[in-house]
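Inspection log for the structure reproduced underneath, given as structure tokens.
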Amino acid sequence: MSVAKKEYKRITVKSLVDMKSNGEKISMLTAYDFTMAQIVDGAGIDVILVGDSASNVMAGHETTLPITLDQMIYHATSVVRAITRSLVVVDLPFGSYQSDPKEALRSAIRIMKESGGHAVKLEGGKEVKESIKRIIHAGIPVMGHLGLTPQSIYKFGTYTVRAKEEQEAEKLKSDAKLLEKMGCFAIVLEKVPAELAKEVAESITIPVIGIGAGNGVDGQVLVVHDMLGMTHEFNPRFLRRYADLHGEMTKAFQNYRDDVKSRKFPSDDEQY
């Protein structure tokens with residue numbers, strides 16, 4: 001007996017705003033390649049983020065800073081080919097939007113035209129408002145990113161929780177309202193106190209998607225390699241692992257190696 005595949009409605013920017021209005025939580029995961037994106041999309045995840053975290057998990061860099069715009073477009077193109085339902089948001093990498101609003105718009109246009117992505121994400125508030133304004137005025141949907149902003153790691157010096165002090169918390173709240181006013185369709189809040197994140201989410205009408213921001217926001221995002229247990233070195237408090245693929249994959253590779261060495265693979269049934 002065959003099991004019918006569950007059908008999911010195509011997600012749009014408006015869908016996310018409607019989900020917040022209806023009290024439905026938003027699920028978001030990263031993906032960087034066709035195969036992973038196909039699985040994530042088929043599982044009914046609402047948003048796929050082609051994150052600059054590819055710099056870490058795909059290329060082995062210590063930070064997100066080295067990844068280029070061309071590399072982001074390559075990953076995004078692979079993801080877009082795979083999806084039938086999820087909204088695809090693509091990170092603008094470090095150096096592609098900070099220096100000049102015109103450059104920011106050019107970078108965003110390249111991502112949209114060359115990858116087929118549905119929206120872009122960039123880090124920061126008031127300091128990048130002109131870049132955000134330029135991109136949105138061109139008709140490109142923008143997701144904001146506040147709190148811990150990994151592209152500013154050398155400014156912070158550490159990946160610690162942000163906005164614990166009153167002054168920084170007030171700036172974060174002000175930036176969130178500014179992003180909403182400018183037309184951003186959603187905001188990622190990373191590693192901020194849960195009560196503050198809840199307050200921000202309740203103060204604006206656009207969705208707030210958290211990573212290490214508690215349960216009072218409108219949705220959650222995780223890096224797919226982390227939640228699948230493919231990485232063992234990264235153990236933040238907010239991370240829940242839903243599988244141990246590192247262990248399962250290691251065992252599978254070892255079994256394959258042993259079967260090759262012992263001439264058990266291929267068997268007679270696996271030959272032409």
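Quick reminder: no glycine exception, Cβ is built from N, Cα and C everywhere.
In the three-state DSSP scheme, GLU190 (active site, proton acceptor) is classed as strand. Annotation comment: Swiss-Prot describes GLU190 as active site, proton acceptor, evidence class sequence analysis.
Here Swiss-Prot flags ASP52, SER53, ASP91, LYS121 as 3-methyl-2-oxobutanoate binding site. Long-range Cβ neighbours of ASP91 (3-methyl-2-oxobutanoate binding site) (same chain, at least 6 residues apart, Cβ-Cβ under 8 Å): LEU49, VAL50, GLY51, ASP52, MET72, VAL120, LYS121, LEU122.
According to Swiss-Prot, the Mg(2+) binding site annotation covers ASP52, ASP91, GLU123. In the three-state DSSP scheme, ASP91 (3-methyl-2-oxobutanoate binding site) falls into the strand class.
DSSP gives LYS121 (3-methyl-2-oxobutanoate binding site) a strand state. Surrounding the centroid of the Cβ atoms of ASP52, ASP91, GLU123, where the record places Mg(2+), the chain contributes additional residues within 8 Å, namely GLY51, SER53, THR64, LEU92, PRO93, PHE94, LYS121, LEU122, HIS145, PRO150, GLN151.
Reported as a whole number, the C-alpha separation between SER53 (3-methyl-2-oxobutanoate binding site) and GLU123 (Mg(2+) binding site) equals 13 Å.
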